[in-house]
């Protein structure tokens with residue numbers, strides 16, 4: 001009765017507070033060692049959750065790095081986290097300790113999206129037999145269907161032609177190029193996965209791109225961070241369905257595409273696309289409970305290819321066109337090199353790249369300056385490791401700050417400016433820096449890097465071969481600030497695409 005009247009609540013409240021504080025102290029035991037990386041003092045229970053800005057994590061990391069050094073720690077709720085900055089420390093983690101830092105930490109929100117131990121795809125999969133099996137399959141199959149070969153190059157070149165037609169149809173009007181670039185890159189991925197192409201005005205394609213964008217927004221930001229930090233909240237009935245509605249709709253959309261592909265798949269015929277090849281492996285794996293080839297994992301592999309393979313390259317090209325309208329002298333110099341090496345009639349080819357050092361330097365500088373993936377996907381240590389004289393215990397989440405490498409003032413002459421000469425020597429030859437790692441490094445480096453490099457060169461040169469891009473008359477100069485949502489995209493901007501006349 002005293003408890004109900006409130007007189008007995010104080011002892012219970014005091015006990016609860018003491019219990020929570022003891023649990024909190026237990027989760028901070030790493031900080032009790034003298035060689036643990038320094039960092040801001042965490043709040044009880046919340047840790048440093050309120051001391052970082054999820055909407056602009058790169059800037060939060062920048063400020064903390066300048067205060068605590070190249071290797072510093074955070075406590076997100078009760079999850080210990082170490083942020084690794086600058087080239088030397090990043091190389092230690094990704095290369096020297098590559099085997100010990102290749103695993104991914106658990107992501108509780110993914111369980112709500114149907115991710116299971118044997119259906120994690122490739123990008124977010126735990127480091128182990130299933131990941132090796134799927135990465136080996138993905139690399140092998142992408143090569144089978146043309147990655148690094150003339151066949152895929154011809155497909156990309158053909159799609160670049162369709163993209164040029166779409167720009168021409170605008171008749172020099174002021175447009176935001178983002179949608180058209182997304183459609184072009186989506187078609188390249190769709191060709192690999194489904195062996196099909198969508199017209200740019202196809203409602204099906206427009207719907208798919210809308211769902212991709214919505215799903216990426218849903219899994220980034222403050223709410224997902226809170227749910228991953230305190231996964232018990234995911235048990236609230238209906239919460240996950242409401243928070244991740246767009247993600248689940250996107251999954252259902254892909255399920256329909258995969259079902260359509262399955263109805264026309266003939267196991268007796270050579271695979272037409274990646275989906276056919278995966279379905280063939282599913283058939284082989286029947287009765288093997290250890291295999292990662294199953295229908296659920298097919299969906300996750302496709303999600304990986306669309307998000308990692310399409311969005312990143314389209315975003316980089318969006319940065320490229322923005323920088324061309326902001327730096328017209330650079331644009332004209334690229335066009336001059338295109339005219340000298342390729343001309344204005346023949347389609348660009350990958351063999352041209354070796355003879356176009358300035359264009360190659362500009363593409364690399366776009367990737368460096370755009371810095372679209374500033375924070376590498378999280379990893380977790382599988383044993384104690386030593387980095388820069390600090391000891392990082394087993395089970396610590398690692399965040400690799402690639403932005404600190406791409407914009408390191410000790411490496412780059414003008415780290416915060418767009419400066420293609422970063423990749424040219426005194427004689428004008430192309431030079432690649434070891435600090436250039438937009439695709440990460442080590443065992444979990446981007447498996448689609450060869451495809452992305454091909455797409456960037458062919459789309460970029462084809463566009464500048466046919467058009468001159470400029471800021472629309474009467475409009476202010478666009479900003480080079482980015483919008484962070486897993487990747488960093490330019491703020492919305494407008495441009496005009498004027499068809500180049502022969503000989504100009």
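Just so you know, glycine gets a Cβ as well, placed from its N, Cα and C.
Since the structure is predicted, the reported quantities are computational estimates derived from the model, not experimental observations.
Under the heading O-linked glycosylation site, Swiss-Prot lists 382. Counting every protein chain shown, the number of other Cβ atoms lying within 10 Å of the Cβ of residue 382 (O-linked glycosylation site) is 15.
Annotation source Swiss-Prot lists heme binding site at 446. In the three-state DSSP scheme, residue 446 (heme binding site) is classed as coil. Counting only residues at least six positions away in the same chain, the Cβ atoms of 308, 439, 440, 452 sit under 8 Å from the Cβ of residue 446 (heme binding site).
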